[in-house]
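Novice: Before I ask anything, let me first share the structure, which is written out below as structure tokens.
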């Protein structure tokens, strides 16, 4: 899977991932959008990520 992995509004960059999904999430403590490989369960009051299963789907 190819996922975007840039922070916030930086120019898009990608990485090739072992996982079959990508995620995008806004972290509550700094309001920065993070992107990357896989999908995860948030801790505490952090909102859940947007997860998707196609190449470059997490822009």
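Heads up, residue numbers simply count up from 1 along the chain you see.
Quick reminder: no glycine exception, Cβ is built from N, Cα and C everywhere.
These came from Swiss-Prot, pasted as-is:
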type     : residues : note
DISULFID : 3-22     : disulfide bond
DISULFID : 17-37    : disulfide bond
DISULFID : 39-51    : disulfide bond
DISULFID : 52-57    : disulfide bond
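I'd like these features described in context: how deep, what's nearby, how far apart.
Specialist: Cβ neighbours within 10 Å of residue 22 (disulfide bond), excluding its own Cβ and spanning all shown chains: 29.
Taking the Cβ of residue 37 (disulfide bond) as centre and 10 Å as the limit, one finds 20 other Cβ atoms among all the protein chains shown. In three-state terms derived from DSSP, residue 37 (disulfide bond) belongs to an extended strand segment.
Sequence-distant neighbours of residue 51 (disulfide bond) (same chain, six or more apart, CB under 8 Å from its CB) are 21, 22, 23, 39, listed in sequence order.
For residue 57 (disulfide bond), the number of other Cβ atoms no farther than 10 Å from its own Cβ, over all displayed protein chains, is 17.
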Novice: Rounded to an integer, what is the Cα-Cα distance in Å between residue 3 (disulfide bond) and residue 37 (disulfide bond)?
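Specialist: Here the two Cα atoms are 6 Å apart.
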Novice: By Cβ count within 10 Å, point out the most packed of the disulfide-bonded residues listed: 3, 52.
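Specialist: The most densely surrounded of these disulfide-bonded residues is 3.
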